[in-house]
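In TrEMBL this protein carries:
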| type | residues | note |
| --- | --- | --- |
| TRANSMEM | 12-28 | transmembrane segment |
| TRANSMEM | 48-65 | transmembrane segment |
| TRANSMEM | 71-93 | transmembrane segment |
| TRANSMEM | 100-119 | transmembrane segment |
| TRANSMEM | 190-208 | transmembrane segment |
| TRANSMEM | 242-264 | transmembrane segment |
| TRANSMEM | 270-297 | transmembrane segment |
| TRANSMEM | 309-330 | transmembrane segment |
| TRANSMEM | 342-368 | transmembrane segment |
Amino acid sequence: MSDFPSPLPTPLPSTAAPGVAVSTLAAPSRRRPGSSRSTRRISRHLRAIRISLTGIILLALLYTVAIGKSILVPLVLAGFIGLALNPIVAAAARVRIPRWLAAVTVMILLGTGLVWAVATLSTPALNWFHEAPTAMRSFAPKIKPMTQQIEAASRATQTLVGGTVARNAPQSPNSFAFTAWDVVAGAPKVIASILTVALLVFFFLVYGDEILRRAVEISPTFSYKRHTVSIVRSIQVEVSSYLLLTAAINVTLGLITAGMLYLYGVPDPLLWGSVAAIANFIPYVGAITTTTILAIVGVLHFQELGPALLPAATFAGITAIEGNLITPMLQGRRSRLSPVAILLWLLIWGWLWGIPGALLAVPMLTCVKLITAKLRGWQWFAHIISR
């Protein structure tokens, strides 16, 4: 047998005219533009379908988050508390202390501090709450010159546009009433929420690492398991460090504010220091709100305008230094967020969950940034919301 391959058969000469042969060979080249147009049309349809499905899924997710507020808010809050306390429990576990014992000890200490804070601050808070209508009535004469100028400008504007100024408008009755029955009626829901958060925090602290280990075990290969563990551990460390550092900064700000108010002679400085610490979890909005509250409290307590506005002005300077110098220096660039992203995130979660959503919005956004910066294919989102 020959080692060479058999020659290809020689094609027979075509009996058709040369023009026909050329047109036959050129036919496939004429079909290509139509084929590419149909391919582009199909890809456009698929892209439109994908965008529509993404929008539908996003709307369904927002609806689910909104109606699941009573379940998701305690779950998210417990997750943040568990992440913040996990380094303490992990350090105790490294010295052979059982995780459940360390978790119980930490939660008892934290709960005792919270109970003491609530017991200490509840009385002055209720006093201010009940005296608010009387205080606002005494506050009105102090700003009467300013309001008279505003009313005069409003009347002049309405006259120019041909409107009429309403006179002797009936005063709407004060429909707001706060009684002891309101406290008793709302107590079971508050107690149930606190117990839910406490139980979730305990289980996160005791069984969180075990759940993570079980999740890693389903990875297909050993290298993938090791990569997953390294990413999850780094995310856990960064999120825990951020939460602990943010809580420490806010508590320190509250203590400094309380000391400043005590030196200025403002009543109940611990109450307003606590308000400043809690509100500082909401960037920009919290500082503006606390400054406004301190200005009102100063005007109600002091007779002259200068001493009345001095506490609010001092707090504005303190929070400006904290927000623009101390916090960026301690947290670094990894936790810095775009102001536009913060405001949009606050609007979304404040609309979905109210005040709890506004308090949890920025910690959630920071955690999302830290997580997406470690995930392949999601670095673009972390880059967009970065400052």
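Cβ coordinates are placed from backbone N, Cα and C, and glycine is handled just like the others.
Whatever TrEMBL says is automated annotation, not expert-curated.
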Where else in the chain does the transmembrane segment (48-65) make close Cβ contacts, counting only residues six or more beyond its ends and a cut-off under 8 Å?
72, 352-353
Does the chain bring the transmembrane segment (190-208) near the transmembrane segment (71-93), so that three or more CB pairs sit under 8 Å (pairs 6 or more apart in sequence)?
yes
